[in-house]
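Colleague: Input: one structure, supplied below.
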Amino acid sequence: MLQVYLVRHGETQWNAERRIQGQSDSPLTAKGEQQAMQVGERARSLGITHIISSDLGRTKRTAEIIAQACGCDITFDFRLRELDMGVLEKRQIDSLTEEEEGWRRQLVNGTQDGRIPGGESMQELSDRVHAALASCLELPQGSRPLLVSHGIALGCLVSTILGLPAWAERRLRLRNCSISRIDYQESQWLASGWVVETAGDVSHLDTPALDELQR
């Protein structure tokens, strides 16, 4: 059975400012760096063999801190990037016009093929994060990878593994530097394929980030 750990990046400046990040970027806060160090301490006891990270700056930095703790190399995979939020990226939630808020709600509330202008749909996000996950099956036997990604991307992945629509990620609370675990199993008696073992564990953190943006 392959165990794969999923980690959301540490708190960023834009998380704290309630600003939409998407595939744009802002640096980790001091709290975000501390959260990543606490993930590293936990990861050291989990037997992690590979770290695979989104290539955006906030995930890169989170992965670097974790890698220092557990002594693993990092592979960067663009398929683990956050949802492309198009023309709304870098905007503060409270500054959106009624029309812009409508675009955002269409996307996150499950409108079929909904997307923000210039961005991508939840189905497109789901397709690429599942492709990244499938690559873990090609790792050597006995591997235990840790994937560093983003709130919407990881929520979409966990939701769809559970058989829910991609936009059901809104119902998952994956806080900054939370740890989830999914397993790949082959069994005649249990569900074969990917199963969710845990989601959104923050027991390793002193104080979880207070942001609710999930991105």
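Cβ atoms are placed via backbone N, Cα and C, with glycine included.
Not my notes, these are from Swiss-Prot:
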- 8-15, 21-22, ARG58, LYS60, 82-85, 104-105, 151-152: substrate binding site (BINDING)
- HIS9: active site, tele-phosphohistidine intermediate (ACT_SITE)
- GLU82: active site, proton donor/acceptor (ACT_SITE)
- HIS150: site 'Transition state stabilizer' (SITE)
Colleague: Once the chains shown are all counted, how many other Cβ atoms turn up within 10 Å of the Cβ of GLU82 (substrate binding site)?
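Modeller: 27, counting other Cβ atoms within 10 Å of GLU82 (substrate binding site).
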Colleague: Sequence gap of 6 or more, C-beta under 8 Å: which same-chain residues meet both conditions with respect to ARG8 (substrate binding site)?
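Modeller: Listed in sequence order, they are VAL148, SER149, HIS150, GLY151, LEU154, LEU174, ARG175, ASN176, CYS177, SER178.
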Colleague: Looking at the recorded positions HIS9, HIS150, which one has the fewest other Cβ atoms within 10 Å of its own Cβ?
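Modeller: Least crowded of the recorded positions HIS9, HIS150, by Cβ count within 10 Å, is HIS150.
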Colleague: List the Cα distance (Å, whole number) between GLY22 (substrate binding site) and HIS9 (active site, tele-phosphohistidine intermediate).
Modeller: 13
Colleague: Please report how many Å separate the Cα atom of the residue listed as 'active site, tele-phosphohistidine intermediate' from that of MET85 (substrate binding site), as a whole number.
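Modeller: Per the Cα atoms, the residue listed as 'active site, tele-phosphohistidine intermediate' and MET85 (substrate binding site) stand 18 Å apart.
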Colleague: Output, ordered by sequence, the same-chain residues six or more apart from TRP14 (substrate binding site) with a CB under 8 Å from its CB, or 'none'.
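Modeller: Result: ILE20, GLN21, SER26, LYS90.
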